[in-house]
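Trainee: So TrEMBL has the following annotated:
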- 1-194: domain 'UCH catalytic' (DOMAIN)
- Gln42: site 'Transition state stabilizer' (SITE)
- Cys48: active site, nucleophile (ACT_SITE)
- His134: active site, proton donor (ACT_SITE)
- Asp149: site 'Important for enzyme activity' (SITE)
Amino acid sequence: MVPRPVLAVVLLFPIEREERVEQVKAAPASEASREGLFYIKQKIGNACGTIALLHAIANNTGTGGADASSLQLEEDSFLAKLCEDCQAMSPDERADYLDAKAEAGLESAHNAAAVDDDKKGETITEEDMSTNLHFVCYVEKNGKLWELDGRNPAGPSAVADCTHAEVLEKSAQAIQKRMSASSSLQFSVMACNA
């Protein structure tokens, strides 16, 4: 049993060549349907998990506690400041903002945490950071379930009609479709709730 309400679902999946080609062909969602959707492009290498979690958090933060099912961020925390600073920015501007934070230490902290414990203290090579796995996030906004993938050049993708209460079920359907098209077993799912 998964505790409710589920605010977002984060998926880790294998990147396959066919998917990369299909993704580039995807049509971008209309501006009107993306109103209020927080999306950030990924410019930092291997930060897809960080980007997916930022998508989950930023699309579910409360405004003055009006929504009991939303996340309330600690005032003046890194995440609260990031969400506030980036609210009026475009996805590219958000990526540049996060990239500037990366230069200030976020990227090195991320890379240190992403490396296996047996590699700690060693020089991190490009091979150490190479992966065929990727994280995306599913959230509900404006009656749609959105797949938020920071590396997708088309931006956010609306995958289904969805209510706030249906996030887990609709995400599971989208994930099952992705899994059935793959021969890999390298999938992991995390439900984020309040």
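Here the Cβ of each residue, glycine as well, is placed from N, Cα and C on the backbone.
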Trainee: Measure from the CA atom of Cys48 (active site, nucleophile) to the CA atom of Gln42 (site 'Transition state stabilizer') and give the result in Å, rounded to a whole number.
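Mentor: With distance taken Cα to Cα, Cys48 (active site, nucleophile) is 7 Å from Gln42 (site 'Transition state stabilizer').
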Trainee: Rank the recorded positions Gln42, Cys48, His134, Asp149 by how many other Cβ atoms lie within 10 Å of each Cβ and give me the one with the fewest.
Mentor: His134
Trainee: Secondary structure at Cys48 (active site, nucleophile) (DSSP, helix/strand/coil)?
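Mentor: In three-state terms, Cys48 (active site, nucleophile) counts as helix.
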Trainee: Give the helix, strand or coil assignment DSSP yields for Gln42 (site 'Transition state stabilizer').
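Mentor: In three-state terms, Gln42 (site 'Transition state stabilizer') counts as coil.
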Trainee: Could you state the whole-number distance in Å separating the C-alpha atoms of Asp149 (site 'Important for enzyme activity') and the residue listed as 'active site, nucleophile'?
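Mentor: Between the Cα atoms of Asp149 (site 'Important for enzyme activity') and the residue listed as 'active site, nucleophile', the distance comes to 8 Å.
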Trainee: Taking every residue in the domain 'UCH catalytic' (1-194), what is their average pLDDT?
Mentor: 83
